[in-house]
Amino acid sequence: MLNFLVRKDVRKILKRKDSDAGERGRALEDLRAALFNEFRSSEGAKRQQQQLCGPATALTFNFVIAVGIIFVNKLVLKVVGFQFPIFLTFIHYVVSWFLMAVLNALSILPACPPKSTRLSTLFTLGFVMAFSTGLANVSLKYNSVGFYQMSKIAVTPSIVLAEFLLYNKRVSFSKVLALTVVSFGVAVATVTDLQFHLFGACVALAWIIPSAVNKILWSSLQQQENWTALALMWKTTPITLFFLVALIPWLDPPGALSFNWNFNNTLAILMSAILGFLLQWSGALALGATSAVTHVVLGQFKTCVILLGNYYLFSSNPGKTSISGAFTAIAGMSIYTYLNLKQQSSKAPRQASSLPKSKLSKENGSIHEGNYGSESV
């Protein structure tokens, strides 16, 4: 009798332990599912990107990396003597693809959105990425910095026109005036460094359209189709590499493989490639958080800061005309930023009031597309 009671108590304890273990196992599975939905699903990854990289963070990240890569690329092209701009771009994208492959193998790379984007759109983005990045480096090789910045001014009206034609996206008159002041200031700031080269001018002209389309697609795909920056980079980088290989024989001089690949030279090129990955990622984050026009304005702000920094920190004297132009451009950028912040603050109450309606539409299964075309920049 005593043995029977002891065995019965033991069975109860074992059952209770099995029940506790089962509950802990279910809790662990629920935690894993929640973490998967938060980090691996496209919706969760998009939420994380928006929470961690708002407009200010993304623009600051892109600004710091863009300034850093200017000096590293100058070291590679001038000091190291690596005179192959397209091949350098190719190395950048190969390193980027390798780093993303490592993230994908570790299950850290965000998933693609369940609603598939048309293959032609991804193909177009990969195509214009190859041409915009590659031609920009070729333009820097043949043109002066001033002429390069002057050609960048033409990107702003190209983006405004393209977004109006493609998405019916309008720019307010006050923002047009602010962008005009910015363009005028940058033109005045860089006018003292204009050196004309026929082939370089043709390359700069050919670069404008791919650069504008590249920025528009990066911004619209992230904002309207729920792509994250890394997921979109992962999908389009192989296409970009294919077109860069096709561009190398046409725009690069021969002799890249016979270059002196010693340790110091290779280390400098790899440093440039890692910064290239960070530049592409930060640029994609900035375009997803803001707009194509804002990203162009950030690039022009970088030019003015570098010019004024050289003047105040290193006693470089670009002339009173250039300094006045830089301050004028920064004033225009300040007005443009103020108008953007004012527009975002006015949109916030409308979005908050429409939140219950959007939740109800999701529950009923009638999720509508974003109205990208009806917005104003």
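Backbone N, Cα and C define each Cβ position, glycine as well.
In TrEMBL, annotation is done automatically, which means it is predicted and not curated.
Model, not experiment: these values are computed from the prediction.
Per TrEMBL, the feature transmembrane segment maps to 52-72 (among others).
If you look up TrEMBL, you'll see 60-336 marked as domain 'Sugar phosphate transporter'.
Residues or ranges marked as transmembrane segment by TrEMBL: 84-109 (among others). Residues 39-40, 73, 76-77, 130, 133-134, 137-138, 140-141, 230-231, 233-234, 237-238, 240-241, 244-245, 247-248, 251-253, 255-256, 259, 269-270, 272-274, 276-277, 280 of the same chain sit 6 or more residues outside the transmembrane segment (84-109) yet have a Cβ under 8 Å from a Cβ within it.
TrEMBL lists 121-140 (among others) with the feature transmembrane segment. Packing against the transmembrane segment (121-140) from elsewhere in the chain are residues 73, 77, 85-86, 88-89, 92, 148, 151, 200, 203-204, 206-207, 210-211, 213-214, 217-218, 221, 232, 235-244, 247, 251: each is 6 or more residues past its ends and has a CB under 8 Å from a CB in it.
According to TrEMBL, the feature transmembrane segment maps to 146-166 (among others).
What TrEMBL records for 173-192 (among others) is transmembrane segment.
TrEMBL lists 198-218 (among others) with the feature transmembrane segment.
Through the fold, the transmembrane segment (230-251) approaches residues 42, 45, 84-87, 89-90, 93-94, 96-97, 100, 103-104, 109-113, 122-123, 125-127, 129-131, 133-135, 138, 203, 218, 221-222, 280-281, 284 of its own chain, all at least 6 residues removed from its boundaries and within a Cβ separation under 8 Å. The feature transmembrane segment is assigned by TrEMBL to 230-251 (among others).
Using a Cβ-Cβ cut-off under 8 Å and counting only residues 6 or more beyond its ends in the same chain, the transmembrane segment (263-281) has close neighbours at 62, 65-66, 68-69, 72-73, 75-76, 79-80, 82, 88-89, 91-96, 99, 229-230, 233. Under the heading transmembrane segment, TrEMBL lists 263-281 (among others).
Look at TrEMBL and you will find 293-314 (among others) tagged as transmembrane segment.
Taking Cβ pairs closer than 8 Å, the transmembrane segment (320-341) reaches residues 172, 174-175, 177-182, 184-192, 290, 294, 297, 300-301, 304, 307-308, 311 in its own chain, all 6 or more past its ends. Under the heading transmembrane segment, TrEMBL lists 320-341 (among others).
Annotation source TrEMBL lists compositional bias 'Polar residues' at 347-356.
What TrEMBL records for 347-377 is region 'Disordered'.
In the predicted model, the domain 'Sugar phosphate transporter' (60-336) shows an average pLDDT of 86. Contact counts against the transmembrane segment (146-166), taken as Cβ pairs under 8 Å, peak for 198-218 among the stretches 52-72, 173-192, 198-218, 293-314.
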